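Copied over from Swiss-Prot, here are the features:
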- 13-33: transmembrane segment (TRANSMEM)
- 43-63: transmembrane segment (TRANSMEM)
- ASN64: N-linked glycosylation site (CARBOHYD)
- 115-135: transmembrane segment (TRANSMEM)
- 161-181: transmembrane segment (TRANSMEM)
- 213-233: transmembrane segment (TRANSMEM)
- 265-285: transmembrane segment (TRANSMEM)
Amino acid sequence: MSVFAPIARELDIFFGFSWRDWSTTIIPGSIFAVGAMRDLPPATLVKNYLFLVTWLTPYIYFFNLSNQITGVDEDKINKPDRPIPSGKVTLQGAQRRWIAAFSTFLGIALYQPEFLPETLCWIATVAFLCLTSYGDHWFGKNCVAMTTGTWALLSASWKAIAPATPTSDAWVYAVSVWAGLITHIQDLRDMEGDKAVGRKTLPLVFGDMGSRLIITFFALPAACWVLSLAGIFQLAPVTLGALHAILGYRVLRQGGPRYDHKTYMFYTYIFCLILAFCALDGLGLKINAESLRALLATTGVSLKEL
C-alpha cells in the first residue's frame, strides 16, 4: 500500500463530511480575507493566508463532525450519502476524528491567542447547536447560531491577514446579522428530516407558505437594511437589490426540495458575492465585472458559479 493512501483516504473523508458547507465557510472566508491584503508584502501575504487555511480547515471539520455525529437519524432521511449513514465511516471513527479536529482547532488558538475569541465563540456555537434543545429551534438555530458563527468566521478571516479596522468590523457585524436573518432558507428543503427528529424550524412552526412569506417580506428586506447600515448595499445597490429580489421569488415558488436546495445554494453565492464586494472595497478597487473576476479567481470561484 502506498504511504499516500491513508492521506488520500482522510482527504476523501474530510471532503465527504464537509463539501456541502465550503460555500459558506472556506470559500467566503478566503474571499473576505483578500480585502485585508492591501499593501502587504507577498511573503507575508502567503504566510498569513496559509495560516488562515490552517484555521478554517478544523473550523469546518469540527462543526461537520459534531453536527453529523449527533444527527445520524436526520441524515438517514435528508442526506443519506454522508459518510456515517452511508457506512463510509463508523460512528466511532467519526468520534476519533472529532477529537483530532477539536484538539487542532483549539490548539491553533492557544498558539495564536488573538484568535481565541473567535475560536471559543465557534466552539460555544457548535455546542449550542448540537447539545441543546435551543439549537433545534428556528430562532436559536439560525438567528443566534448563524450570526455568532458567521462573526467568528469573518472576524478570524480578516485578522489572519491584517489587523481589523472599524470598517472591516462593521462589515463583519452586518454580514453576520444578514446571515442570521435569512439562513432559514436552508430549512425549506429539509422539512421531512427535521420533523422526524423533532426540530422546530421556521417551516415547521409557521407552515411552509407562512415561512416563505416571512423570509421574503420580512427577513430579506431587513437583511438588506442591515447591509446598508454598514455601507455594503451601497457598494452595488442595483446588483444586490436584484439578487435579493430573485432570491425572494425563488423562495415563494414552492418548487420542491430539490428546487429549494438550489435556492439555498443561490443564497450562498450571494453571501460570497457580498464578501467579494467588501474585499474589492478593502483593496481600494472599483467594483466591476473585471475586478470581481480577478478577485474570485484567487479563491477558485468563477462568475458563472455565482
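For all residues, glycine too, the Cβ spot is worked out from N, Cα and C.
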Under 8 Å between C-beta atoms and at least six apart in sequence, can you list the same-chain neighbours of the residue listed as 'N-linked glycosylation site', or say none if there are none? PHE17, SER18, ASP21
Can at least 3 Cβ pairs under 8 A be found between the transmembrane segment (43-63) and the transmembrane segment (213-233), with each pair 6 or more apart in sequence? no
Positions whose Cβ lies under 8 angstroms from the transmembrane segment (13-33), at least six residues beyond its ends: 49, 52-53, 56-57, 59-61, 63-65, 68, 79, 82-83, 88-89, 94, 97, 153-154, 156-158, 160-161, 171, 265, 268-269, 271-272, 275-276, 278-279, 295-296, 298-301
Provide the three-state secondary structure of the residue listed as 'N-linked glycosylation site' computed with DSSP. helix
